[in-house]
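What follows is a single structure, written as C-alpha cells, with notes after it.
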Amino acid sequence: MKLAGLKSIENAHDDSVWAAAWVPATEARPALLMTGSLDETVRFWKSDDLVLERTNTGHCLGVVSVAAHPSGVIAASASIDSLVRVFDVDTNATIASLEAPPSEVWQMQFDPKGTTLAVAGGGSASIKLWDTATWRLTATLSIPRPEVSKPSDKSGSKKFVLSVAWSPDGKRLACGSMDGTISVFDAARGKFLYHLEGHYMPVRSLVFSPNDPRKLFSASDDAHVHIYDVEGKSLIGAMSGHASWVLSVDASPDGEAIATGSSDKTVRLWDLRMRAALQTMSNHTDQVWGVAFRAGIRAAGRLASVSDDKSISLYDYS
C-alpha cells in the first residue's frame, strides 16, 4: 500500500482549511470532496481532479467541521458562530439550523444509518444527538470526570470535547477530550460506559476501523497515534513518528491502513499490521488539520488532506 500525489490546489480557500469530508455518490452525480475553512465557506470539489464545483456560504465565522450524510444528499457544517447548518448538497438549500452556545460545536458525524447527527459539545462536556428526520435534539450525553484527576486537569474544570466517532455498527460512540481521555458510550441507550486512557494531551481526532467495531484509532497533541480495543477497554498499540501534534486521523476503506495529519506539516500513511509509518508526504507548508479517505473499496483509492496553508492535496491510495 502506498500514496502517490495526484494534485494540489494552492489557495483552495481564502483562509486556513480546517475540515474535509467525502460526500458519497448519488444516482445523479459522483462523490465530492467537501472542505470547510476559516474563510466562512464550504466548498465542493470533483473527486478525481479537484475542480471546484461550488462554494456554499451561510456562516458568519469560520467553519471548523463538516460531515456528510451516508445518502450523499445532505451535509452539515459547524462554525465558530455556534451554528450547525444542515443543507442540501446539490442546491445549498438550508434544511435546518442547529444553534448552540459559544464553544459548544466542534467535530460532528452522522451515524452509519444516517438517523442521528452526533456533535462534540466543546465546553458543555457532552455529545449532543440530533434526529435527522425532525432535527430535534434527542439526547445530551454528558461525560463524567474520571475518578482520578490528571495533573493536567485544572481544579474543578469540566471536560472540553473536541472529537467524536461512531462505530461502523452504530452501537458505540466515542469522543476525545482536551485532557487526553476518550469516553465511550452505548449509543442506543445513551449511556456512558467507560474512559479509555493513555493520552495526556488533547485528542483532536478519532476514527473506528471500518470493518472492526472493536478497534478505535486516536490522534493526539502528544504526537502519538493510539489503537484501542474498545470492547476490551484496553490500549493495544501506540505509534509515533510525527514531530508534533497529530491533528487528524482516518482509516482506509479496506481497514488495513490509517492516515494522519500533523502540525509538523506532514501526512503519514501507517501500516496497521506492521504498526509503523510506511510513507511521509510533505505537500503542505503548514499544519495539516484534516485527512479523509474516500469510502468504497471498488472505487480508485483516494486520500485528501487540508491545511492552514489554504491548500488541498489529493493522493492515490493503492
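Every residue, even glycine, has its Cβ placed from backbone N, Cα and C.
Annotated features in TrEMBL:
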type	residues	note
REPEAT	10-46	repeat 'WD'
REPEAT	56-97	repeat 'WD'
REPEAT	154-195	repeat 'WD'
REPEAT	196-238	repeat 'WD'
REPEAT	239-280	repeat 'WD'
REPEAT	281-318	repeat 'WD'
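Counting only same-chain residues 6+ beyond the ends of the repeat 'WD' (56-97), those with a CB under 8 A from a CB of the stretch are 15-16, 18-26, 28-29, 31-32, 34-44, 103-110, 112-114, 117, 119, 130, 132, 135. Under DSSP, the residues of the repeat 'WD' (196-238) split into helix, strand and coil as follows: 0 helix, 28 strand, 15 coil. Long-range contacts of the repeat 'WD' (10-46) within the same chain, counting only residues at least 6 positions beyond its ends with a Cβ under 8 Å from a Cβ of the stretch, are 52-68, 70-73, 75, 77-79, 89-90, 286, 289-296, 299, 302, 304-312, 314. Counting residues of the repeat 'WD' (154-195) by DSSP class, helix then strand then coil, yields 0 helix, 22 strand, 20 coil.
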